[in-house]
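Chemist: To start, I am sharing the structure in question, which I have written as structure tokens.
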Protein chains: 2
Amino acid sequence: MAESSEVKVLGTWPSPFVMRARIALNIKQVNYAFLEEDLGAKSELLLKSNPVHKKVPVLINGDKPICESLIIVQYIDDVWSSAPSILPSDPYDQAIARFWAAYLDEKWFPALKGILFAEGEDAKKALVDQVVEALMLVEEAFGKCSKGKPFFGGDQIGYVDIAFGCFLGLIRVIEKFNDIKLLYQAKTPELVKWAERFCQHPAVNGVMPETEELAELAKILIVKMRAANPPKS
Amino acid sequence: MAESSEVKVLGTWPSPFVMRARIALNIKQVNYAFLEEDLGAKSELLLKSNPVHKKVPVLINGDKPICESLIIVQYIDDVWSSAPSILPSDPYDQAIARFWAAYLDEKWFPALKGILFAEGEDAKKALVDQVVEALMLVEEAFGKCSKGKPFFGGDQIGYVDIAFGCFLGLIRVIEKFNDIKLLYQAKTPELVKWAERFCQHPAVNGVMPETEELAELAKILIVKMRAANPPKS
């Protein structure tokens, strides 16, 4: 284990974005304290450490707070710079990894989350189609990034693996609720195999939430969301 | 000038995001061909180089296309790695620079752009207040990042300078159209001085559009936008 007595992660267990920080620290074998936040009553430490967004995750290294999950992953890679590296060493490969991570967060995740809260079968189907179509692009990217190796990052879990893999819990919950498959053999065969490898990786398997537990939480969120936004009659 | 015969930027002159790539190349003294795109009839080269988003800017280095403006700036810093550096060398300073660049793009720019197309004085005023409030945060960040030096990046233009400075043209157009000040002495005195320095910098002053020219284009866009989205009666 690396020197780490002063490393903390402020987060919540179901958040895919918090998982990113935790997996990156696990890859670097950095010991850290995980401080579970109650988002209904955020801690003083969270409000002080992320005064702009007041969101998790925050990584605190000594007295330095770092916010935003992908920025945290990059920071962890830079500070604990011994192998295994999270970002590729080649600048072009790095740019491609950043491109896909940004694509997932900005274009793909909003559609994925939309399925969870969508009302009406047509709206839901349109989002499912959009998500599956995007996954086919990610499948293609997997071929290019992995170059025949098990992960986007090659032999090891890298930046895109972390960025994408953290959504696998949510993907499973959505598949379960809707009795559909988003990642499936016919359309994204490589990602199906990759997802299994990712979840079994020692840096991941203590961090990835159980589908059942996540599904229970999602049910509560959906009820709350619908109560706050009743359907228009 | 660095070796550069194969460097191209696909872009449009008014785009703040395209400016980022151009300023970064200028800082590194890389010669490049600027290929102006007609967004109404995108080139085959653009569609092939950015098949996912089909957007400018795209940097092409040899046969390698790189998309997304901040990813391009980082790539330029990595590939033409001799000084001056664009990103800070310290990982924490880098994380802070990335945080503010992301904040500007994700939180601040949508409100800024909103002012341009807002209908109704109340909606516009709410957005102006939001933009000015955010600029006060950026003013505070300037103090921390610049450490008493002229730029966010210290003695030289850096990552946040590029990310933020590219919006100065749009800020001026909005100020002109609405007879207001967004950057002003009373609330953001350091940013007022910084903006002057930034625009006079040799890496910037051939790239920053003239306010008049940008205002003419903005008028056309506003008319088009309103024709496409007529106000609800």
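Every residue, even glycine, has its Cβ placed from backbone N, Cα and C.
Marked as domain 'GST N-terminal' by TrEMBL: B:5-84. Taken from TrEMBL, the feature domain 'GST C-terminal' covers B:90-231.
For each feature listed, report its degree of burial, its nearest neighbours and the pertinent distances within the displayed model.
Modeler: On the 0 to 100 pLDDT scale, the model's mean across the domain 'GST N-terminal' (B:5-84) is 96.
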Chemist: Within the domain 'GST C-terminal' (B:90-231), how many residues are helix, strand or coil going by DSSP?
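Modeler: Tallying H, G and I as helix, E and B as strand, the rest coil: 101 helix, 2 strand, 39 coil.
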Chemist: Helix, strand, coil: count each for the residues of the domain 'GST N-terminal' (B:5-84), based on DSSP.
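Modeler: Across the domain 'GST N-terminal' (B:5-84), DSSP assigns the residues as follows: 29 helix, 18 strand, 33 coil.
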